């Protein structure tokens, strides 16, 4: 029991984190936002729950995962979305548009930095950035200029735009997106959606009669026709402006054929009455506007049922994705890895096997949670786990943790857990920054749409990255621990060097096999095995570097220290292959272009070179004995 | 072992060559932003030395070993190592496989670099095409249109135009003198301020416009538009001089120009260099699916019929992403589309060394897996021993 005490505490803390994070996601409200967020719609070519629409949109507009209103109150994305969809008159005053660019702020109404809060807090944290957030109504006053500048800027290629131009294009897109949301469920031109439907139903039969007369070439009463036509007029503009599809339709040849609200309304003129889905949405709109929580909550299960009866798969995917959002497995995993990190670090000075054990079992738990997160993504989009740069970062962290667990199982000295936690934290934070306001569960462009090759090629080559990083971080551990502590005795040094060498072998195998399968994929789909594309070249660099390490050891050119230094340089090569090649913005693989992240990458390289330099400090500077 | 062989087979050479290869690949990748993939590949990889042209001295100075040289050194190094250094034992079989596979891989890439040929085929719905067009090179075509039923085409490839010489083509009653060749050009309107060098042309379009040479591009989405100035003169000379027909400016994207001579009608034009096929491809339908409510392409596909000119055999194929058509010695894959989804663009690749990478990579993967397995086994044995 005593042996396991730390393990039990650590696991309890981790599971407590999962639970409290989950609880935090539900807004405190009489309205059933959990169920509302679970409604499936189609946006970006895929079924997703309203909760995801809310999160991704808010993140793009606001840069944060919650919205802060005028009164300083914080709201979950789904609350904000409900207001935007159903009662835009209120939503246009919410200061949710984040504008960091000074030039852009200069043309907007001036805002004073928030002076509330204590003096000490302001001194410590600065005056905050509340004056960087604007509401649509505030932006509207100068929107003509913004639109004009955005149109001009959008004619310039993305890479060549300056800061202001990027900011203005971004803002214009966000304003359009916001406006489109307000026109997605209801056009807002009549106060009550249900009354509108009732009115439609009464005028339509007569109008249809007149239309038929008109078609037959008989005399017809145009006054009976015009009310319907004016509705259709409204629906037509509403069609092009609405953002997502609300009405499922039975699959045709396995293809999704959802309709937008406007098309569904248009169909009333044919069917004579609104569909179930339309009716329930209309109830939601009116109940929300009247603050009638009871009716609102009662309409939700009916709406779910109506959608499920037509497209059950959409319902189950949306449910899964809502759960995935609430669990936020990758965010929680970061916390888990931090726990592992602390446990591993403290296990050494105290020489504590119990802490060590706790670190190991917490790593196992975090790994399982990390895996569940990836499983959710695979289920939701039906693709292999790696489809873009974001998911590759998630996968690199996962792969490194898997290796660490194996190493830890073999050697039981906490180093494996430690390295897993460092790579886990780093890769998940990198992943978080790669989201960049986009939907990370995107649909695959036609050229990449092959699950077989995604699995065989992308998963292996990315696992090669993970393995190389793993060896590199082990080597960094060797250098730092060797210089600062007496931890690296002969036995540990031998263990570390055999682990690094073993992992380099492993990474050679994976990166080689991954590169080759990439070539085969290219040959199968484009008729050429190798095209000197930047990403292909990046992959071959990684293979070459691993091969050089292996030969240097076999030839006796590098001993423990040399191998460690070379393994650290492997981090540089891998980060180039993984991220750097995408920054060139050329070639067939520039699926994850980023221009702002280059400085971080360069910083990472400098840091690695610094570690390599440290590795070659004279022996007298090392606290641990060092050879080679 | 002789000292020279010892050096040739040494690990130092292996590592040195690999390091140089890494440097070369890194430079060759970064420079793609300027030169494009094709340009960078030619400059860095498919060359013995990477050279820099120094205009003031008018020479190209080599400053880095190119892909061919490094590959050749590695080839010698591996072969020498296999012959002289490796012992053939069962636990080394993985190493053997990896190195033999690597030699094949180098040879395969060399063969590809020399013989692989890429072109494109642009086809409208309902149209039938029996030729491919080069991506980069153009040709000067002189079409005899006298016979209303059948055109006779005389084509002069870009490499011949680049030499700016006099060209004599069998079957044409006149010779062609290439006065100027611009690898890439833009058109300008001709007026009073037009410089003299641009006033060479005295027939056709060249009277109203002239071409101005601009820097060549190697970018993927960009293409050079060469222009040529040619003077035509009769093959038969009466006494001292032969009759000069005139001087034309010819370039792609300008209206065709016609020449009459000896009772025959000719059209003179520049176009992308063509290669005739022994079969004709008809595009029945092109489709472009997008994900619902987005512009993200889900699939492009071309529904084609291939008619073999010799046998008269007709076959239907569907070409779509990740599913090219392999016919004869060519691979046609769906590359793009234009013209409001009514025109399909297929990329056409000929690669006689196609199977080599498969063989070599299988050998190497097998070898690596074997070797890795053997090491792992050794490691676990040692651990068991240490534990005991």
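Even glycines carry a Cβ here, placed using N, Cα and C.
TrEMBL entries are annotated by machine, without manual review.
For A:326-346 (among others), the entry in TrEMBL reads transmembrane segment. Within its own chain, the transmembrane segment (A:326-346) has Cβ neighbours under 8 Å at 6, 10, 13-14, 17-18, 21-22, 25-26, 51, 352, 355-356, 358-359, 362-363, 365-366, 369-370, 372-373, 376, 394, 397, 414-415, 417-418, 420-422, 424-425, 428-429, 431-432, counting only residues six or more beyond its boundaries.
Long-range contacts of the transmembrane segment (A:358-381) within the same chain: residues 6-7, 9-11, 14-15, 18, 46, 317, 320-321, 323-324, 327, 329-330, 332-333, 336-337, 339-340, 343-344, 347, 387, 391, 394-395, 397-398, 401-402, 404-405, 408, 412, 414, 416-418, 420-421, 424, 441, 443, each at least 6 residues beyond the stretch ends and with a Cβ under 8 Å from a Cβ of the stretch. Under the heading transmembrane segment, TrEMBL lists A:358-381 (among others).
Residues annotated as domain 'Cytochrome c assembly protein' in TrEMBL: A:387-589. The average pLDDT computed over the domain 'Cytochrome c assembly protein' (A:387-589) stands at 87.
TrEMBL lists A:387-407 (among others) with the feature transmembrane segment. Residues 330, 333, 360, 363-364, 366-367, 370-371, 373-374, 377, 381, 415-417, 419-420, 423-424, 426-428, 430-431, 434-435, 440, 442, 444, 448, 454, 458-459, 462-463, 465-467, 469-470, 473, 499, 503, 506, 578-579, 582, 591-592, 594 of the same chain, all 6+ positions outside the transmembrane segment (A:387-407), place their C-beta atoms under 8 angstroms from a C-beta of that stretch.
Annotated transmembrane segment per TrEMBL: A:414-435 (among others), in sequence order. Within the chain, the transmembrane segment (A:414-435) has long-range Cβ neighbours (under 8 A, six or more residues past its boundaries) at 59, 330-331, 333-334, 336-338, 340-341, 343-345, 347-348, 355-356, 359-360, 362-363, 366-367, 370, 389-391, 393-394, 396-397, 400-401, 403-408, 466, 469-470, 473-474, 477, 492, 496, 592, 594, 597.
The feature transmembrane segment is assigned by TrEMBL to A:455-483 (among others).
Taken from TrEMBL, the feature transmembrane segment applies to A:495-518 (among others). For the transmembrane segment (A:495-518), the residues of the chain that approach it from at least six positions outside its boundaries are 403, 407, 411, 413, 415, 453, 456-465, 467-468, 470-471, 474-475, 477-478, 488, 536, 539-540, 542-543, 546-547, 549-550, 553, 560, 563-564, 567, 570, judged by C-beta separation under 8 angstroms.
Look at TrEMBL and you will find A:538-556 (among others) tagged as transmembrane segment. Counting same-chain residues at least six beyond the ends of the transmembrane segment (A:538-556), those with a Cβ under 8 angstroms from any Cβ of the stretch are 461, 464-465, 468, 501, 504-505, 507-508, 511-512, 514-515, 518, 562-563, 566-567, 569-570, 573-574, 576-578, 580-581.
Per TrEMBL, the feature transmembrane segment maps to A:568-591 (among others).
Among the features that TrEMBL reports, transmembrane segment is placed at A:597-617 (among others).
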